């Protein structure tokens, strides 16, 4: 997929207006699907959103960024707080927030339980059960599930 051609196509189909600036992938984006730069008019998109969430979600993110783009160059309110932006975003069925990306490097949690009071503890890191005790009753901790690494 050629990103620039795709954004131009979405702009014409959904907004009826041409997109004439630069578009690029930006791997450094973490918690956002895309960015609009008013200074020079270019757009950045997160490639992980396209790869992991699919074309349908990515198209809605492109619409979101194009809302910023077209409203800015029309001299209307282009920020998230502006009524013009909210109305246009709703009209073109764009996403307000990017869905959470599946995190491939998240470790499964280890689950511990106190043998006396049955209090449960979830931890990312291993607890030395010979050294540490329950914070409520000082009972011994027992590892319930050991996830496969």
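Glycine too: its Cβ is placed from the backbone N, Cα and C atoms.
The domain 'SprT-like' annotation in Swiss-Prot covers 4-143. Taken from Swiss-Prot, the feature Zn(2+) binding site applies to 64, 68, supported by sequence analysis. Residues or ranges marked as active site in Swiss-Prot: 65.
Taking Cβ-Cβ distances under 8 Å and a sequence separation of 6 or more, the neighbours of residue 64 (Zn(2+) binding site) in its chain are 33, 34, 89, 94, 95, 96. Sequence-distant neighbours of residue 68 (Zn(2+) binding site): residues of the same chain at least 6 apart with a C-beta under 8 Å from its C-beta are 36, 38, 78, 79, 85. Within the same chain, the residues at least 6 positions away from the residue listed as 'active site' whose Cβ sits under 8 Å from its Cβ are 33, 34, 35, 36, 43, 45, listed in sequence order.
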